[in-house]
């Protein structure tokens, strides 16, 4: 009976994934974000499910239904605030998780990495369609601007945009289908996350040193279960502080006004977690060029394993690469700031320089830094 977890067909899978899993003894707090993303996904599915019970995906009543949730539904305000700020926490954890993968060379587990990039794209799609649902001013105009980018595709663009809209502009049909997409995507993301974990467990976790840790492994439980539990508590603390004390801090004031197709906001921008990509999109004064740059800014992650030139896996002992990594981080923060600014000087030129630096760092400077570090480590006698 005591060893049922090792023999029962279902419990055996859980046991091999979360209890008796051999884990490197030296993984740091940067390895907490995978489990934190799992918690974020569960929070979002649960709060979203209860919100969907009261929401109506109709242009005439969508905005009112959200107001009704906040005013009349028991703890509806809390559900909405947790769901909206939970999305911000989700992306914060995602960016840190990807950053950790780049810093410590985890991208060399190619299958795990590629599924992770697909997951990132799917979560971004889910967040975009979800942002449209409250049918506020910025929801509507954000949807109009971003879906309109499809029309930049040669020959089929306009047809494709109208197919997505279900008409000649963003309207009732668009809102209804976006709600359907937003509801189904978490149930696509969950199995993808399980496959992501499956491939990770084929190789075992990477560790800060980047050296094969097989000679020094410890069981996942209790060591890393307690460590993850601490992460959960900190995540929930930050989420509750956001949701209870400043729920609208990361939102857009324009979304307090119902969508009005006849009145364009002076400055259309997405949520903060898309601003870096939005800045790259805007930095190119050509519609198709901007769309290609936007796609490249995310899809570039897929070729990072091919750009690894260093003899060492991790950046832990590579100061030149470390410096470039932190310049890249600062550059992404700059792009996020620029994405939220109006299209005028000096923001235009800063955005263009930051966009150019983003691609130069990843495609040119970091691979060269790896080769330079290899050369410096060679014995010179």
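Cβ coordinates come from backbone N, Cα and C, glycine included.
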Stretch carrying transmembrane segment according to Swiss-Prot (options 11-32, 55-76, 77-98): 77-98
Feature transmembrane segment in Swiss-Prot, mapped to one of the ranges 257-277, 320-340: 320-340
Segment assigned the feature transmembrane segment in Swiss-Prot (from 200-220, 347-367): 347-367
Candidate binding-site residues 83, 97, 182, pick with smallest Cα gap to residue 201 (ubiquinone binding site): 97
Listed stretch, out of 77-98, 113-133, 226-246, that has the most CB pairs under 8 angstroms to the transmembrane segment (288-308): 113-133
Pairwise Cα distance for residue 182 (heme b b562 binding site)/residue 97 (heme b b566 binding site) [Å, integer]: 23
Tertiary neighbours of residue 196 (heme b b566 binding site) (same chain, Cβ under 8 Å, six or more apart): 112, 115, 116, 119
